[in-house]
Every structure is written in C-alpha cells, then in structure tokens.
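Peer 1: This is the structure I have questions about; it appears just below.
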Amino acid sequence: HTDFFTSIGHMTDLINTEKDLVISKLKDYIKAEESKLEQIKKWAEKLDKLTDTATKDPEGFLGHPANAFKLMKRLNTEWGELESLVLKDMSDGFISNMTIQRQFFPNDEDQTGARKALLRLQDTYNLDTDTLSRGNLPGVKHKSFLTAEDCFELGKIRYTEADYYHTELWMEQALKQLDEGEVSSADKVYILDYLSYAVYQQGDLSKAMMLTKRLLELDPEHQRANGNMKYFEYIMAKEKEANKSSTDAEDQTDKETEVKKKDYLPERRKYEMLCRGEGLKMTPRRQKRLFCRYYDGNRNPRYILGPVKQEDEWDKPRIVRFLDIISDEEIETVKELAKPRLSRATVHDPETGKLTTAHYRVSKSAWLSGYESPVVSRINTRIQDLTGLDVSTAEELQVANYGVGGQYEPHFDFGRKDEPDAFKELGTGNRIATWLFYMSDVSAGGATVFPEVGASVWPKKGTAVFWYNLFPSGEGDYSTRHAACPVLVGNKWVSNKWLHERGQEFRRPCTLSELE
C-alpha cells in the first residue's frame, strides 16, 4: 500500500502490524536480552563472592589444587565463553522482522500528509492550538495528546510555508507545554528562535525582542539571536526617531495583501463556514417548500407496496435524501469488496482528460461492477428504480474511504464546456446526475457542502442523496458545485454512482424551454 494517510481504512492495517511487532517481535527480543543479562549478572555475582574470598588469602586459596585448576579453567575458557555471550547479538531476529515489515510502513509523504491534515482541520474548523494539542475534539472516543515536539514540528511546517501567524501559534503551544514541565526532546532555544522570527515577521517588534532576550538567557552565545537583537534595537531606535515603524508599514502591506487574497477566494470562506455548520439559513417561506414523503419511484412495481422514505434537503438545486436505503449487511459487503482495491482517489485533468491524483482530494477509492457481486447488482437496480434513469451507461459504483482530515475541495461532477474531452473515453456523454451513499456515521465534520447555494448535507449511515448535475437541456447546473469537508473525527465511507446522458433520452427528455 502507498499513501496510507489518504484512507483510515488502510491505516487500520498499520495498527495491527504495529501490535504484532510489539506483542510478538519486540517482546521476544526484550525477553532474549533480559535472559542474556540475567546470565551475565549470575556470573558476576558468583565471581564477586569467589574473588572476595580468594583475595583475602591468595596463597591459602590456591593451596587447594581444585581452586588452582578452576582458576586456570575460568581464565582460559569461561571468560572466553562470557565474552562470546556479551558479544552475542540478540537483535538479529527482531531486526530481520523489522526490515521485512518496514517495506509496508508509511513514508515521509504519509507523515507530511498527516501533518498537513491536522493543520487543515485547524483552519477549516477554527480550532485553537491548545484544543488540538489536548485532544479536546467533539465525539472522540480515544483522547490523544500532542507533545511539545509534535507542536514544534507543526510550527516548522507552517514556517516553511511562510505562514508566520500559525507558526507563532504552534511554537507558543510548544513553549507553553515545556514551561508547564513536560519532558521532551524539543529544545526551548530552537523554539524561541523560530517564534521570535515569526513574531517579527508579523510586525510585533517589542514581543520579538522580549522572546530573543529570553533565548539569550538560555544561550548567551547564540549567534543569530545576538545578531537579531542588535538589528531589533537598531529598528527600535529608528522608530523613535521617525515616530513611525517601517515594520508596521510592512505589516499593513501584508494585511492588505491578505485581505485581497481573502476577497479573491470568497468560495474558500463559504466552504469552511459550511463545513462548520455556519451555512445559509433558509427563510421560513423556502423551508415550507421542503417535504418528506414515502416515495414509490413513480409507481415502480418494486416500491408500490414498500415505498422508501425520502426527504428534501434543498430546493435549488433539488437535493433529496433517501433514508434506510442501504442495509448494514450491504454496506459491509461493499466495504470488504473495495478494501483490497483501494488506491489514491483521482480527478479528471481538464487539460489531458486523464485521471490524476490531486492534493485537494484526500481519500482512496475503488470501483465495483454489478457482475462481481449480487449485492452490487442489487444496489445498481435500486438506483435505477428510484431515479428512473438507465444505469447501463453509468459508471461503476465508486467506493471511497477518507483519510486523516480527508476531503475533496469544491468541484463539479459534470464536464464543463471548456472540458469537452472529460468523459470522451466512456462514450456515454456527460454526468447527468449523482447518487451518493453514506456508509458510515462521522463523529465530527465530513459534510457534503454546496458553496454556491449555501447547502450542507451531513453524513448519516444508511442514507443516500441524489441530485441532477445537468438541466434537461444538457447544460451544466453550476449551482451543484460541491465539496466533501475534512473529516474532523471518525472514519468516513461513501459510495457514489455517476449516471450519464446516454440512455436517458426518453427517461429525462428536454423541455420546451432553452433555459432548462
């Protein structure tokens, strides 16, 4: 497996691997080392008593021929055996096992991906560093703490990205935990070095000087800190003369740039607000248009006597949710079929029309065909019956499992006019509609949001949502731009069916209006 961080499902395998290493391999190695040490200790204790007696009366001791013989034997043979025992490497078995297992361990990319996921969650859900570090997240079953070293590492990631605001937050958290007495390999001098520079870059000169002074108290010979201190004093003197800080001017420029960037990316703010549940609140008048009902698939014979529960989630675009539409047994079957095939989820490259991985889609997916399992075939039939659309031209059922902070940033499911080759290889036209199963509950986060209209749809196991991506005319509905929010706590499994235009000519015909 690769890209472990993109799938919680695959990361569970790592827990079992680690347990096996600890229980059978590492403990066996410890026992072997303890046994070896015990033999050496017994030898030392025996010789301690013997030499203590012998040195009190060497001639009398050696006057006994057996003692003389045993001395010769010990020095010639037994000390050599002890040397061999000391030199015996008990780690061979453990090391060989480790070498085999490490082939399947996460790599640097996985560690970086997990680090970035934590930072992404912090931004999206407005979490302060103390909340993340103390593990005080909603719905957690197993609380976990970040060490000062962990906080320092996260701060360094932000530093390399020139994000000095978050660098300051994480370095301060690391320093706080060390000041509270946490024992760590993290060094206060290193932390203060990064922290003072991050604070200076944001224009707070007096705080930068205070932190640098504290650093110099710990390490008076620190070259960079001494140089920085002189520079800060020079800048401070210039401030007093001009009564205006050039640093403040730089800070103001940074702030203006930041505001421009934020204004330039309004969708990002909408997306994050929706993920936090701060979305658009429907007016009572609009809410009255939303209903729940028993739905029989337009008099479909399979559902006339046993209609399904359907709820309106949104009016424009129309998003409906089907409740109790997939059983726990079906979910487990789909997951078991998909797990061995899960690979890093891809997106369509608009320039090449080919599939490629992307940093904004953090999940793993697998494709299941109807002929592989009666369960998948039954699910496909159910989708066809309830949507009234032909699934023979649809894509295979895609199963996705999200990773650490797993997400899929805002995107369209359909190919736009400037992407004429998006689904050319399939030969079935554009994606007319999307059917999305939620196959797990998520403790926190993981909503499906529509930034253009302000809709948030929250995961609920056993339900499915459905919407049309195209108008009856075949034009794309740009209000269906949507995203999967980062998973804050939990393990998110979904499966989706993309239905295509071909085969729907008489099932969803064009209307008389060009605008629809």
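The backbone N, Cα and C atoms fix where each Cβ goes, glycine too.
These numbers come from a predicted model, not from an experiment.
Okay, so Swiss-Prot annotates it like this:
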- Asn97: N-linked glycosylation site (CARBOHYD)
- 189-222: repeat 'TPR' (REPEAT)
- Asn243: N-linked glycosylation site (CARBOHYD)
- 393-501: domain 'Fe2OG dioxygenase' (DOMAIN)
- His411, Asp413, His482: Fe cation binding site (BINDING)
- Lys492: 2-oxoglutarate binding site (BINDING)
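Walk me through the surroundings of each of these features.
Peer 2: Around the Cβ of Asn97 (N-linked glycosylation site), the same chain contributes Leu21, Lys25, each under 8 angstroms and 6 or more positions distant in sequence. Secondary structure from DSSP puts Asn97 (N-linked glycosylation site) in a helix.
Within 10 Å of the Cβ of His482 (Fe cation binding site) there are 26 other Cβ atoms, across all protein chains. Taken residue by residue with DSSP, His482 (Fe cation binding site) is part of a strand.
Lys492 (2-oxoglutarate binding site) falls within neither a helix nor a strand when secondary structure is assigned with DSSP, and so counts as coil.
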Peer 1: Over the span of the repeat 'TPR' (189-222), count residues by DSSP class, listing helix, strand and coil in order.
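Peer 2: Residue counts for the repeat 'TPR' (189-222) by secondary structure: 27 helix, 0 strand, 7 coil.
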Peer 1: For the domain 'Fe2OG dioxygenase' (393-501), jot down how many residues DSSP puts in helix, in strand and in coil.
Peer 2: 3 helix, 48 strand, 58 coil
Peer 1: Given His411 (Fe cation binding site) and Lys492 (2-oxoglutarate binding site), what distance in Å do their CA atoms have, once rounded to a whole number?
Peer 2: 19
Peer 1: Fewest other CB within 10 angstroms, which one of the binding-site residues His411, Lys492?
Peer 2: His411
Peer 1: Tell me which residues of the chain lie with their Cβ under 8 angstroms from that of Asp413 (Fe cation binding site), as long as they are six or more apart in sequence?
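Peer 2: Looking at Cβ-Cβ distances below 8 Å from Asp413 (Fe cation binding site), excluding near sequence neighbours, one finds Arg431, Thr434, Asn469, Thr480, His482, Trp498.
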Peer 1: Compute the average pLDDT of the predicted model within the repeat 'TPR' (189-222).
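Peer 2: Mean pLDDT across the repeat 'TPR' (189-222) comes out at 94.
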Peer 1: Quick one: which residues besides His411, Asp413, His482 have a Cβ within 8 Å of the Fe cation site's Cβ centroid, in sequence order?
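Peer 2: Once His411, Asp413, His482 are set aside, the remaining close residues are Tyr408, Pro410, Phe412, Thr434, Asn469, Thr480, Arg481, Ala483.
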